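S.K.: Feature table excerpt (Swiss-Prot):
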type	residues	note
BINDING	Gln90, Gly108, Glu109, Gly110, Lys111, Thr112, Asp504	ATP binding site
REGION	543-568	region 'Disordered'
Amino acid sequence: MLKTLFGDPNARKLKKFQPFVTEVNLLEEEIQKLSDEELKYKTVEFREALDKARNDEELEDILDEILPEAFAVVREAGIRVLGMRHFDVQLLGGIVLHKGQIAEMKTGEGKTLVATLPAYLNGLTGKGVHVVTVNDYLARRDAEWMGQVHRFLGLSVGLIQGGMNPEERKKNYGCDITYTTNSELGFDYLRDNMATAMAEVVQRPFNYCIIDEVDSILIDEARTPLIISGQVERPTEKYLQAAAIAAQLLKQESEDDPGDYEVDEKARNVLMTDAGFEKAEQLLNVQDLYDQDNPWAHYIFNAIKAKELFTKDVNYMIRNNEIVIVDEFTGRVLPGRRWSDGLHQAIEAKEGVEIQRETQTLATITYQNFFLLYPKLSGMTGTAKTEETELEKVYNLQVTIIPTNRISRRYDLPDVVYKTEDAKWQAVAGEVEELHHQGRPILVGTTSVEKSEVLSKLLQQKKIHHNLLNARPENVERESEIVAQAGRKGAVTIATNMAGRGTDIILGGNADYMARLKIREYLMPQIVMPEDDDLMAGVSGNGGRRPQGFGTSKKKGKNWSPSDADIFPTKMSQETEEILKEAVKFAVEQYGQQSLTELEAEEKIAIASENAPTDDSVVEKLRVVYKAIRKTYETVTDQEHDEVVELGGLHVIGTERHESRRIDNQLRGRAGRQGDPGSTKFFLSLEDNLLRIFGGDRVAGLMNAFRVEEDMPIESQMLTRSLEGAQKKVETFYYDTRKQVFEYDEVMNNQRRAIYAERRRVLEGLDLKEQVLQYAEKTMDEIVDAYVNPELPPEEWDIPNLVGKVKEFVYLLKDVTPQDMEDMTVSEMKIFLHEEVRKAYDIKEYEVDQIRPGLMREAERFFILQQIDTLWREHLQTMDALRESIGLRGYGQQDPLIEYKQEGYEMFLEMMIDIRRNVVYSLFQFQPQGQPQTV
């Protein structure tokens, strides 16, 4: 109703941006006539225009003025370098991103190409643009692929990958446009704020950021804070004992059942009953689980959580005798990440693997607060409209839906629901068998490694050849190979949580990728250094995904052939094979036998498969071969493409509704890309987690009401409504959790900003003497206020103890006596001590600088940073403890958040006072050795 009255707000926004698009189109012909040199010179002209800006506001105005011409230049560069022309809808997406909004674009609409427009425009300012993706592989792919456009136009392109050293990071962050992942970016920020010298700081001040898969980073990952931690000693036997006790405690199955503990699956928490406490205390032979000298409660709670809420092959996997976390949203393993607060150790104890040391938080920030540090933020995703309210409230980001370039021909079939999970899997296998015989490609999405293997076994029994894509290492290695052929005729692919996978499924198969793979097979063994294989192990990052044409690390001696020889649609002709061997031989002559790193070799293949101008003769030869191989393969894939389209395109099967409708939509979005036909269907059961946890009693009632056979699907409007209701409930529940995390973290965030700003001032400050003197004067004032009450008569003032305390802090004031201060007022005392402490500091400085000139300046910086870091670490722990206990205030009719803000603020002020006092004390106590020493 409102839409018809006021018009669609989304359409209004698009209408406002349309004139820009028209202008870009009008400039196209003129820009086409420019030579490569003239096109590149446009960058210089734009930069000269931007140099005239006197402030940030003027800079934004000039960017808006040059936008149409800059976009027209990027569009032309895209055609010349990549052979890709930005559609009008992609230009619209670029404008939305430049305006600091979220562009919602469907899968297959070329989001990666869209980002080149605002990245180039904002990169012209020289202040740095960060393009953020969800993993190392996508960052590398985009930097090498899209980066060619920027490099061609004269902008520098940087790439941040796991395993890079600080020098490389600094150099790459210094570029005009830097491609990176959200976690690398966040951890570099935290590390920069732990640096002990400016030379160690790798990032510049933040300017503009474009987040790919923005919903996955700002919403799915918002609940998980980034944490840098140091190790602390904790007794491992306590974890083992707690695991043994948790195994003996019984879960409460119903209200009347006594049980030892309740499990709240919704809040992912456990609550022990009185009987449980008693039983645990008896088994441990202790009086009280909360005894301060020998606390057990924390260990027991974690052990029960590990037993009830964390399932092997769903939440984690065991790899090389270690517990590795599986990301619940992407189905990928997260090597190196650990659950905090002793939970990881509890799971290690449960599974009987080696228990690693517990950690203490040194620095932490949530993605929510991290990305709010950017003055201008934007993002792209296929699905954001469902979370629009949250994106607007928390991040102040508007969502604009960009129309698709071609009309979608995807057909979403109604859900079918089975009574039991077994019946559901049988039905899925039946559907796959039927469509597979017709020759349609099928993609089945599952929610965990375990479930994908259940289906895989059923298909093996039916003798249906299929590919499995989940977090197991042997499958991760082949990810891009599997996706490249997922659209071929009759292909069956089972994928775990395929959200944000970055590689499109092309009907008929991806000839382009297969041609690159063929070149890799011949070229890599000849030109890649064998010893690089180990070095690269750290670089592949998140789960070692293999990108399109950019490989991951190899174990020594592993061959470069694809793991599935049938991947190639047809054999190469003898003639093509000869040219390929010639090109490889030529590459060896030019570069030397096994002389390149794997990354360098991958980059050569990547450039060979694009149209970027190159002066490398090897790349030119490889390009000729690449085109020949691709042409051979296309004779098969093009024909298959037409056959598959005729059959109805890719069929996507969902096997469980995800907690978030958005992830379901991402899976559906794999079918019907760029106007191709396709269909989707969800198979569910009344035993699925979502229905079990959030569907509640209504569904249980329905189960009994439907007296149907196990293998009969239930189709009912009421059930579909229950499902959507359950999903909305979950989304609201998680939104509230995130909002709460955000509100509480906001308190920490203000404190973090203050402490990091102080720290940065110290790092950059050339002369910290004045700062230390102010610390000293404030400390003197505090001592006076502590011992002198102006409301009492002067004869009752405790001046002897006041003087004693002053000498305790500053031994150089040993000559000050109570008599010196007898007849002074409070303010006179303070002025007197200010003068004395300044004199004492000059003496101290003279003594220290006798050892080595300038040593006092170094000591000042060292002690201030040391105190900030040590006390901030302790403060993080006390704030954590406060946060955990504050929830109970709700029972006392107080608002826990207000209490947390109040007490947190008081604790922060105390910490700042402690930092000041400790610095003053440490500097006056500082006794450098006779030898020159570095502090």
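Cβ from N, Cα, C; glycine included.
Quick one: how deep are these features, and who are their neighbours?
M.R.: Within 10 Å of the Cβ of Thr112 (ATP binding site) there are 17 other Cβ atoms, across all protein chains.
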S.K.: Near Gly110 (ATP binding site), how many other Cβ atoms are within 10 Å of its Cβ?
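M.R.: 17, counting other Cβ atoms within 10 Å of Gly110 (ATP binding site).
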S.K.: Under a three-state reading of DSSP, tell me whether Thr112 (ATP binding site) is helix, strand or coil.
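M.R.: Helix, per DSSP.
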S.K.: Please identify, from the binding-site residues Gln90, Glu109, Lys111, Asp504, the residue with the sparsest Cβ neighbourhood, meaning fewest other Cβ atoms within 10 angstroms.
M.R.: Asp504
S.K.: What does DSSP assign Gln90 (ATP binding site), in three states?
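M.R.: Helix, per DSSP.
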